[in-house]
Amino acid sequence: MTTEKPLNLLISNDDGIFALGVRTLANTLAKAGHQVTVVCPDRERSATGHGLTLHQPIRAQIVEGIFDPQVTAWSCSGTPSDCIKFALSAVLFTRPDFVLSGINHGSNLGTDILYSGTVSAAMEGLIDGITSIALSLTSFSSQDFQPAANFAVDLIAKLARHPLPQPTLLNVNVPPVKSEDMAGVKLTRQGLRRYRENFEKRLDPRGKSYYWLVGEVIEEIEQPDHLHLPGHIPTDVQAIGDNYITITPLQYNLTDVQGFSDLNQTQWFDP
């Protein structure tokens, strides 16, 4: 598989440098002819959000034997966001054309994105003005990351041929089915996916208490009316349920425009 023009790609994840998802993604993109650099956490960092390491040093080293020889790979002691910052500042001599994060082992749908290290790594690329892609396989049991990796090859080829007017983050979720069983690709809006959670109390061998966060997904909750989201565009949660690959454009500006308007009308504050 070859491409029209090799691209410089930076890849990270939150599942760690040894995860099958990032290995499949990086190797597939390298075989497609791209220049691939991987900088990943040295261990599992799921659900770390957009955290940064500020009060201790970050250690990083080149790793060999995990990826195809044409892939340059680093492991980093920091968070996914640290990895992208470190790569852009200290590893790469050429600005990447795209930042990719994943392929995550598990979905990043709805409000998952607020906790996701996968999405946060991609968001870090966007903050630096680079169009970025977060990729997730919506299953914890499936090990077949190849369809998602193949889609990434096609997606960046399309983005290279038809650049977006402004940098954005594309949050991509891929259903855990064979390529021939996928319904297609849909542009979606972010859904609202919450969890019924509780902290399970346990005792260690010395009789001291500790807690595990446990819970179950509430798949879909109706969006509040005041958000005025376009009802004709399906949510990522809905479309994944119908076996579509979902693409949700995201930005880092979290301003609630309707809330701004509502507060303005209250006249609580002097003009």
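Heads up, the Cβ atoms here are built off N, Cα and C, so glycines get one too.
Residues annotated as divalent metal cation binding site in Swiss-Prot: Asp14, Asp15, Ser46, Asn104. Following the DSSP three-state reduction, the secondary structure of Asp15 (divalent metal cation binding site) is coil.
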- Query: Judged by the number of other CB atoms within 10 angstroms, which among Ser46, Asn104 is the least packed of the binding-site residues?
  - Reply: Ser46
- Note on the structure: Across all protein chains shown, the binding-site residues Asp14, Asp15 give the max Cβ-within-10 Å count at Asp14
- Task: Excluding Asp14, Asp15, Ser46, Asn104, please set out which residues of the same chain place their CB within 8 Å of the center of the CB atoms of the divalent metal cation site, keeping sequence order.
- Result: Asn13, Gly16, Ala19, Gly21, Glu44, Arg45, Ala47, Pro80, Gly102, His105, Gly106, Ser116, Gly117, Thr118
